[in-house]
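Residues or ranges marked as compositional bias 'Low complexity' by TrEMBL: 318-329. Annotated domain 'Cation/H+ exchanger transmembrane' per TrEMBL: 29-278, 353-488, in sequence order. Annotation source TrEMBL lists region 'Disordered' at 295-337. Residues annotated as transmembrane segment in TrEMBL: 12-29, 36-54, 66-83, 95-119, 125-146, 158-182, 188-215, 236-261, 357-374, 380-403, 424-444, 464-483.
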Amino acid sequence: MAAAALPYHEPGIVTILILSSFLILSNVVNWIFDRLLFCGLIGQIAIGVAWGTPGGNWLSLEIQDAIVQFGYLGLIVLVYEGGLQTDLNTLRSNLFLASLVAIIGIGTPMALSFTLQGFMNITPVQAFAAGAALCSTSLGTTFTILATSGLNQSRLGVVLSSAAMMDDVVGLVMSGIIASLGQSSDNFSAIIVIRPVFVSIAFAVLLPVICAFIVKPLTKVCYKLITKRRDSKLHTTLTTEGAAFCLHVAVLTALITGAIYAGTSGLFAAYLAGASISWWDALCTELRDSNSRSTVIRDETADSTSQDNSAEPKEPVSKTSSSQTSPSTTSPPPTSHAHLHGTAIFTKHISPALHSILQPFFFASIGFSIPISQMFTPSILWRGIVYSILMVLAKLFCGLCLIRFSGPSSPGNRIPKPMSLYPATMLGFAMVARGEIGFLISAIAESKGVFGDVRGEGSGSSELFLVVTWAILLCTLLGPIVVGTMVKRIKRLQAAEREKRTGREDPLGIWG
């Protein structure tokens, strides 16, 4: 018989100290690692290892399970934030180059992962799962690097963030494929791979069509009806932060629910929800601007008409009346609705809880699944290092897209100039960090038995999972360190050139 209620028990002082230290240190370590290495997630994962089952096991299994659930909610919100920050216009202008970088960043790790069959006894499906985990790029690390270096608005930053977005979108689709592979490992069929891919393509294609041909006309009609009743209670209610928050949450929930029931990743739907809200905010801003422009034109026309009428001699008092009525004919300045945009609502209402609680919970939950005590056996260690080197090289190939190769028909009398490799190297190493999506896919593949047989609780992890974990850890640590060092070097070069006033180009050239 089910209990009628949950009895309330005051937690003991030991439990309070463990939970408070876990949450506080997760934020402190994240701040320290972000300042030093641009990858605070490594510190939060380490806290999860230390406090969870792999380390001290200070948190009970019930608490760890609850943290895993809340952590996944944090991952959904984190991906949603990435969608909100997507500049669709900038993405369209650099779509070809960003797509080329993303294709190289996905295809090369997938191809090199099949070399694992040469020194590990694994199947092609397991090699595919390993490549899927290593084809992603850490969005959190990428945005942190761009914000810290000041390259957010540069062409290099746009290409990097767009390519990282595409890599993670493919990674999110891969997570659904890996989960399907694990659920039917004995009965593998093409439908297991095809269904998540085609459902994801359908979402990516149909959602823009729905936005363009259904949402956009409806928004225009509703906007005209609402603006005619500015003083009504409906207009006042719809222009509140609470109404915008409810609308954004409803869109996010609806898309995630539909995607999961359709057979693809809910994380991919979270990204599309953020991008859709960003597009809708731009549409509403455009409607407000066009309405304000038409109002100004109407007022100017009315003023000119009144001035023409006041010029007639038969109405000597028209000047006074015109001066008295001119304020009434001029419309009030347009009200700013920037506080209703998705980014503003997210920053005010969601971001504090995400970055202080939910995000540390997610990365700590990843640490719960890392069997650190089993990762230092010699056979695992050398394979992990070799695979890490291959995965670093795989992402470095992305930098080739920014290198200009001179053809044989180049004029010979042109003075040769040294070619800066800073942009290509920065792009390559910025793509190296795998981060949250890599850990997620790896953990899903292990829990679903794709990396090996699903073992009983307390038994060891599969060798492939340990090797992949080594690669993700080393790549996530190496990428930000190298990029951070290069950013400091470039800043010094820029400062030196400004002091000397030599007029030389920026070390990043057109990409800076």
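Positions of Cβ are set from backbone N, Cα and C atoms, glycine also.
With a threshold of 8 Å between CB atoms, the same-chain residues lying at least 6 positions outside the transmembrane segment (188-215) that come near it are 125, 173, 176-177, 180-181, 255, 259, 262-265, 268-269, 272, 276, 279-280. Residue counts for the domain 'Cation/H+ exchanger transmembrane' (353-488) by DSSP state, with H, G and I taken as helix and E and B as strand, are 92 helix, 0 strand, 44 coil. For the transmembrane segment (357-374), the most Cβ-contacting stretch among 12-29, 66-83, 380-403 is 66-83 (pairs under 8 Å). Sequence-distant neighbours of the transmembrane segment (36-54) (same chain, 6+ residues past either end, Cβ-Cβ under 8 Å): 18, 22, 25-26, 29-30, 61, 64, 138, 140-141, 144-145, 148, 359-360, 363-368, 370-373, 433, 435-436, 439, 473, 476-477, 479-481, 483-484.
Listed as Cβ neighbours of the transmembrane segment (424-444) (distance under 8 Å, sequence separation of 6 or more from its ends, same chain) are residues 39, 41, 45, 75, 78, 101, 105, 129, 132-134, 136-142, 145, 156, 159-160, 163-164, 167-168, 171-172, 174-175, 178-179, 182, 362-363, 366, 369, 391-392, 395-403, 450-451, 465, 468-469, 471-472, 475-476, 478-480, 482-483, 486-487, 508.
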